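As given in Swiss-Prot:
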- Arg24, Glu81, Lys120, Lys446: (6S)-5-formyl-5,6,7,8-tetrahydrofolate binding site (BINDING)
- Asn226, Thr245, Val247, Thr250: K(+) binding site (BINDING)
- 226-231, 245-251, 270-273: GTP binding site (BINDING)
- Ser230, Thr251: Mg(2+) binding site (BINDING)
- 216-368: domain 'TrmE-type G' (DOMAIN)
Amino acid sequence: MSSSASTIVAIASAAGIGGVGIVRLSGAQSVQIAAQLGIARMQPRHAHYARFRDGQGAVIDDGIALWFNAPHSFTGEDVVELQGHGSPVLLRQLVARCIELGARQARAGEFSERAFLNGKLDLAQAEAIADLIAAGDLRAARAARRALDGVFSRRVDAVADTLTRLRIHVEAAIDFADEPLDTLGGNQLRDGLGQARNVLAQLLRDAERGRKLRDGLHAVLIGPPNAGKSSLLNALAGSDRAIVTDVAGTTRDTLHEAIQLDGFELTLVDTAGLRDGGDAIEREGMRRARAELERADLALVVLDARDPQAARDAIGDAIDAVPRQLWIHNKCDLLGNAVSLDANAIAVSAVTGQGLEQLHIRLRALALGDGVDSVEGEFSARTRHVQALRRAEQHVDAADLELGFEQLELAAEELRLAHEALGEITGKLSADDLLGKIFSSFCIGK
């Protein structure tokens, strides 16, 4: 079923000048509008050479027209693509002519929205289109491609189906409330719930990895002045991004630099050194450093290997809330003897490069967690997906608790809420305002 009676049009090719430009139409009037442009007797899935004409019969451009008939198209509607020269002036003129003939300018993401509303793909797959377009590296692109192919959605649907079966079992038990739960297969029900919980937990871990692949991680370099934070950022970035001097307090503001770790993006944040005192500007820099820690995924505590206690005194409890930490003993080349370090510490020299390869390995492991080399089956995910999975997990845990007290009605409600949370991921249960927010972030021609 079509999502709208209107026919929409937009430039579908990338902005700017190019060899080829594409204008896309979708809706019931697409073929009629194409005919009025000068493209007669079109056949579905055949390329037609044509001259695209304005209202006075003058040629706007010439090129290829393609008709994808409903429902065998991306949107599920009649779709016509006009491929001409990649001149923004000509493409805008062609869009204007289509609007004169009855189409309207498409909203951002409206083609993908119609594909979703017409059942051509689910919401997670639609989001994967935007992720594929925006992918910053090959690994992220492949993960987005798998999400677009439905790898993520099928796993979500499998868990949702399991919860539905368990809920049916609980609802049936409610009808026999006078019977003890064990006589109604209560042990089997709890076992099934435990298995569903394990599958959901693994899916949540994989989705969190997918979110990291899509968004990257935020790693904050923190420590006392002159520990070598800026030198380390430059060494990891492979360029002189940060100013390095022997003067304590040189870094006054935060500096962000994205690096690639085997196809994974890690944003390093250089910050002002933490210490007591300092002038007003330096104190503001330290305030910003602590603010960066509040949203950090990873704290890289950089200290002078000759005086590690100074870093601990300067930092105090500033990094306690950061989930992952790595203590980096910099300037290890200045030590006469090797030092024994804890498991969450590493010795490096930003100047000589000693230990940097091992640091890359540790950063990669901290970024993606266990199984960093296992890319098979990776899919892209978003923060909202992870949040929905966490809610589902919480409701499954609550259902298990209620079953333990034989509170069947409450257990059934928790299972319903878990199922609802999963439905938000694929769009089977999504509010209109959520859909509007998601599709408005897409390109105009998608």
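Every residue, even glycine, has its Cβ placed from backbone N, Cα and C.
Asn226 (K(+) binding site) is surrounded by 20 other CB atoms, counting those within 10 A of its CB over all protein chains shown. Residue density at Ser230 (Mg(2+) binding site): 24 other Cβ atoms are found within 10 A of its Cβ, drawing on all protein chains shown. Confidence in the domain 'TrmE-type G' (216-368), given as mean pLDDT, stands at 81. The DSSP secondary structure for Ser230 (Mg(2+) binding site) is helix. In this view, Lys229 (GTP binding site) is surrounded by 32 other Cβ atoms within 10 Å of its Cβ, with every protein chain counted. For the pair formed by Ser230 (Mg(2+) binding site) and Ala272 (GTP binding site), distance between Cα atoms is given as 9 Å, rounded to the nearest Å. Look at the binding-site residues Glu81, Ala272 and count other Cβ atoms within 10 Å of each Cβ; Glu81 has the fewest.
Following the DSSP three-state reduction, the secondary structure of Arg24 ((6S)-5-formyl-5,6,7,8-tetrahydrofolate binding site) is strand.
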